[in-house]
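Worksheet for the structure shown next.
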Amino acid sequence: LCPCLVYGAFAFLPFDAPPLPTLGARLVYTLRCAAFATLPVVLGLPVSGIARLCAAAPEPLEEPHRELQGHRSFVAQSVQLFVLYFFNLAVLATYLPQELLKLVPLLTGLFAISRLLSWLSVAVGRWFRAFGLGLAVGPLLAMLLWNLYGIFLLEPQSLLA
């Protein structure tokens, strides 16, 4: 489903990436796009805090409620995935040709939507959670493979430079 979503958005959404000739401009563009991907974490932190305040436990050392545990694990998992996603996206932006730089905001949007779907699935059930996680991890693995391909096969002479 991930390749279909990315290809459909790439082919049919009417925007193009601005001309980014230098490496610094590409990294700044990636950083600006990645700010949007922090939206699930920024939304998850206050919700997790409010859930913690509402779930008053008689004993402070008592095990947290299931709902509170779900919010905390979502925020922690989202931060971990965002760090991996951002670094892979930054490396990907350095290897992509100008025509394909439209993928940077598309992949960022897919990440944010997939994390929000994963958060929604905490309320629905565990069996649906794999869908949201798969939408985030699938493109992450594809970016990682492309980055390794670019590092070792496209530009092996600049590997240790």
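From the backbone N, Cα and C atoms, a Cβ is placed for every residue, glycine too.
Note that TrEMBL annotation is computational and uncurated.
Per TrEMBL, the feature transmembrane segment maps to 34-54, 74-97, 103-124, 131-152.
Within the chain carrying the transmembrane segment (74-97), a Cβ under 8 angstroms from the stretch's Cβ atoms is held by residues 23, 26-27, 29-31, 33-34, 37-38, 40-41, 44-45, 48, 103-104, 107-108, 111, 115, 118-119, 122, 136-137, 140, 143-144, 146-147, 150-151, 154-155, all 6 or more beyond its ends.
For the transmembrane segment (103-124), same-chain residues at least 6 beyond its ends with a Cβ under 8 Å from one of its own Cβ atoms are 2, 5-6, 9-10, 13, 15, 17, 29-30, 33-34, 36-37, 39-41, 43-44, 70-71, 74, 77-78, 81-82, 85, 89, 92-93, 96, 131-136, 139-140, 143.
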